[in-house]
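Read through the structure below, which is laid out as structure tokens, and then see the notes.
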Amino acid sequence: MSESSSKSSQPLASKQEKDGTEKRGRGRPRKQPPVSPGTALVGSQKEPSEVPTPKRPRGRPKGSKNKGAAKTRKTTTTPGRKPRGRPKKLEKEEEEGISQESSEEEQ
């Protein structure tokens, strides 16, 4: 039984070598090495004079997890002194925040 299975796998491997395309497992295919523009054919290039646009990263940048609040909210501070850390909420600010939420619900 085991002999027949090993025989069947050998011809398949030889066919793949003849085709020139190696098929690996079901996982993600390997990234092809980048081809330098000097070795590529000049006739195959569509726009040789225009510089191709660089690829932009997808999704959220790595270091931007906790930076959203710093950009959106500007605090007024006394000149010459920079407060560090999270600002403390005053009781008045908390009450104003609650009243604003209730007024939005009514509209």
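Glycine is treated like the rest: Cβ placed from N, Cα and C.
According to Swiss-Prot, the feature region 'Disordered' maps to 1-107.
Feature annotation from Swiss-Prot assigns N-acetylserine to Ser2.
Under the heading ADP-ribosylserine, Swiss-Prot lists Ser8 (among others), citing experimental evidence as support.
Residues or ranges marked as ADP-ribosylserine in Swiss-Prot (evidence: experimental evidence): Ser9 (among others).
Residues or ranges marked as SUMO2 cross-link by Swiss-Prot on the basis of a large-scale study or a structure entry: Lys15.
According to Swiss-Prot, the feature DNA-binding region maps to 21-31 (among others).
Taking Cβ-Cβ distances under 8 Å and a sequence separation of 6 or more, Arg26 (asymmetric dimethylarginine) has no neighbours in its chain. In this structure, Arg26 (asymmetric dimethylarginine) belongs to neither helix nor strand by DSSP; it is coil. What Swiss-Prot lists as asymmetric dimethylarginine is Arg26 (among others).
As annotated by Swiss-Prot, phosphothreonine applies to Thr39 (among others), with the evidence given as a large-scale study or a structure entry.
For the DNA-binding region (53-63), the model's average pLDDT works out to 76. Residues annotated as DNA-binding region in Swiss-Prot: 53-63 (among others).
Within the same chain, no residue at least 6 positions away from Thr53 (phosphothreonine) has a Cβ under 8 Å from its Cβ. In the three-state DSSP scheme, Thr53 (phosphothreonine) falls into the coil class. Annotation source Swiss-Prot lists phosphothreonine at Thr53 (among others), citing a large-scale study or a structure entry.
What Swiss-Prot lists as compositional bias 'Basic residues' is 55-74.
Taking a C-beta cut-off of under 8 Å and a sequence gap of six or more, Arg58 (asymmetric dimethylarginine) has no contacts in its own chain. Feature annotation from Swiss-Prot assigns asymmetric dimethylarginine to Arg58 (among others).
Summarising the environment of Arg60 (asymmetric dimethylarginine), the number of other Cβ atoms within 10 Å of its Cβ, over all protein chains shown, is 8. Sequence annotations record features per position, and here Swiss-Prot assigns asymmetric dimethylarginine to Arg60 (among others).
Annotation source Swiss-Prot lists DNA-binding region at 78-89 (among others).
Residues or ranges marked as phosphothreonine in Swiss-Prot: Thr78 (among others).
What Swiss-Prot records for 93-107 is compositional bias 'Acidic residues'.
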